[in-house]
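Pulled from Swiss-Prot:
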- ASP72: active site, proton acceptor (ACT_SITE)
- ASP141: active site, for ring-opening step (ACT_SITE)
- HIS143: active site, proton acceptor (ACT_SITE)
- GLU148: active site, for ring-opening step (ACT_SITE)
- SER151: site 'Part of the allosteric site' (SITE)
- ARG158: site 'Part of the allosteric site' (SITE)
- LYS160: site 'Part of the allosteric site' (SITE)
- THR161: site 'Part of the allosteric site' (SITE)
- TYR254: site 'Part of the allosteric site' (SITE)
Amino acid sequence: MRLIIRTNYNDISKWAANHVAMRIKEFSPTKEKPFILGLPTGSSPIGMYKNLIEMNKIGKISFENVVTFNMDEYVGLDKNHPESYNSFMWNNFFSHIDIKKENVHMLNGNAINLTNECTEYENKIKSYGGIMLFVGGIGPDGHIAFNEPGSSLKSRTRLKTLTQDTIIANSRFFENDINKVPKSALTVGVGTIMDSKEVMIIVNGHNKARALRHAIEKGVNHMWTISTLQLHKNAIIVSDEAATYELKVGTVKYFNDIEKDNFNNDI
């Protein structure tokens with residue numbers, strides 16, 4: 001597992017965007033052979049999205065032959081609701097780039113049969129040959145997507161009941177009223193993410209420091225979803241300095257030494 005440590009959020013956002021763009025350009029996607037990209041919502045990837053939008057505008061990267069799959073969606077929230085993840089993605093990314101609408105795939109939290117919706121989502125991913133790069137963020141407890149602590153490390157896309165901590169944390173998007181926050185969501189599973197050819201997780205802020213320590217210095221533990229990345233053959237964590245405060249000095253020095261030639265990844 002790789003750990004890229006940059007100074008601040010702006011720096012890790014730029015690095016992450018450059019990495020996504022580099023992978024797409026290396027693949028040279030076509031209509032018949034698109035690049036398959038997994039994407040997250042939340043505050044962590046917003047900076048990356050802004051950088052990718054700018055790169056798209058100046059012609060550094062195109063999303064014309066990119067197919068996307070998002071990580072999760074609330075259950076029972078209309079897709080046009082301002083806090084739905086569908087709205088988030090179109091407002092913060094898709095509407096600003098040259099991606100084809102038919103190439104955007106998102107879970108439907110209002111499907112009549114939620115179990116079938118999850119199964120069909122998994123099958124759709126498989127029909128494209130799997131996800132080439134899955135980008136994600138984490139919560140303070142190390143969860144990825146809505147794979148809360150205790151999630152099976154082999155879990156697939158499914159319906160999940162949200163923990164009270166997650167509901168309280170997300171209430172800031174719902175007028176700080178926990179009664180307005182959906183109580184469940186559809187989410188890709190840990191196994192779904194781990195099946196991707198490459199996984200890149202963005203970690204920023206001192207409140208993620210404990211989770212990063214569990215990801216890097218502790219063993220694999222289903223109570224810390226991010227620790228599963230230790231088992232992936234091609235995983236990258238991109239972290240700002242604030243999130244490294246609970247790592248040992250030697251750990252930080254080690255990763256800085258081996259990654260120093262990769263800090264500038266401009267394309």
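Backbone N, Cα and C define each Cβ position, glycine as well.
Proximity to THR161 (site 'Part of the allosteric site'), judged by a C-alpha distance within 10 Å, picks out GLU148 from the active-site residues ASP72, ASP141, HIS143, GLU148.
Look at TYR254 (site 'Part of the allosteric site'): DSSP puts it in a helix. Per Cα geometry, GLU148 is the residue among the recorded positions ASP72, GLU148, SER151, ARG158, LYS160 nearest to ASP141 (active site, for ring-opening step). Within the set of active-site residues (ASP72, ASP141), the lowest number of other Cβ atoms found within 10 Å of a Cβ is recorded at ASP141.
Close to GLU148 (active site, for ring-opening step), meaning Cα to Cα within 10 A, are the following recorded positions out of ASP72, ARG158, LYS160, TYR254: LYS160.
Cα proximity to HIS143 (active site, proton acceptor) (within 10 Å) is found for none of the recorded positions ASP72, ARG158, LYS160, TYR254. In terms of local Cβ density within 10 Å, HIS143 ranks first among the recorded positions HIS143, ARG158, LYS160.
TYR254 (site 'Part of the allosteric site'): 14 other CB atoms within 10 A of its CB, across all protein chains. Taking only the Cα positions, the spacing between TYR254 (site 'Part of the allosteric site') and LYS160 (site 'Part of the allosteric site') is 37 angstrom. Of the recorded residues, ASP72 (active site, proton acceptor) and LYS160 (site 'Part of the allosteric site') place their C-alpha atoms 10 Å from one another. Under DSSP, ASP141 (active site, for ring-opening step) is assigned to coil, being neither helix nor strand in the three-state scheme.
By the criterion of other Cβ atoms within 10 Å of the residue's own Cβ, the least surrounded of the recorded sites SER151, THR161 is THR161.
Rounded to a whole number, the distance between the Cα atoms of LYS160 (site 'Part of the allosteric site') and SER151 (site 'Part of the allosteric site') is 10 Å. Around the Cβ of GLU148 (active site, for ring-opening step), a 10 Å sphere holds 20 further Cβ atoms from the protein chains shown.
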